[in-house]
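Participant: This structure is in structure tokens; I'll ask about it shortly.
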Amino acid sequence: MLNNDKKINVTDLELELINEVEADDVHEIPTGAVKRIALVAHDNKKKDLLNWVKENRETLKLHKLCGTGTTSTLIREKFNLEIDSYMSGPVGGDQQIGADIAEGDIDILIFFWDPMEMQPHDPDVKALQRLAVLHDCVIATNRATADFVFSSPYLNQSYERKAIDAGGNLRRRVDEFSHVDD
């Protein structure tokens, strides 16, 4: 809980740095009306995701879909939806989707993950979620959030996401460390 009695002092330099980060470290990622949507579910959540896909099949048909191995195969076979398949999550599929998010090739991640069960690839799951946040990719981790995303007018409109400019950040870091004596 925030204690209103305490004041946070922010120096002019800190404010300048904050504004600098906002201006220099962000770039826009255009998304068209047709979204690139990744569908992923842990085993205990596959049934929930499949029920959600069934309810949203007509909307999903309007977009470009991809998913991890078992999940994408089930969606293709049960609902006759066109969907690109990656590897199974535990053997690299989560990382493949993360790479596409980092490249700006996925706009929305629908990932019904199981918070009650440890996964052998939990570090990959955390990395995938981190990349989605860093690259301003829409992420829904449960039915309610997915429903809100799919009821948004932005779903079928162009939209400009704002993400960290990895190239600008890299250049500044190289410049910073190039001055270090050998």
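The backbone N, Cα and C atoms fix where each Cβ goes, and this holds for glycine too.
Keep in mind that TrEMBL annotations are predicted by a computer and have not been checked by a curator.
As annotated by TrEMBL, domain 'MGS-like' applies to 27-182. If you look up TrEMBL, you'll see H42, K46, T68, G69, T70, T71, S88, G89, H121 marked as substrate binding site. The active site, proton donor/acceptor annotation in TrEMBL covers D94.
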Participant: So what pLDDT does the domain 'MGS-like' (27-182) average out to?
Facilitator: 90
Participant: Can you grab the distance from T70 (substrate binding site) over to D94 (active site, proton donor/acceptor)? Cα atoms, rounded to a whole Å.
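Facilitator: It is 12 Å, counting Cα to Cα.
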Participant: Per residue, counting other C-beta atoms within 10 angstroms of the C-beta, which of the binding-site residues T68, T70, S88 reaches the highest number?
Facilitator: T68
Participant: Ranked by the number of other Cβ atoms within 10 Å of their own Cβ, which of the recorded positions H42, D94 ranks first?
Facilitator: D94
Participant: What's the CA to CA span in angstrom from the residue listed as 'active site, proton donor/acceptor' over to H42 (substrate binding site)?
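Facilitator: The separation of the Cα atoms works out to 11 Å.
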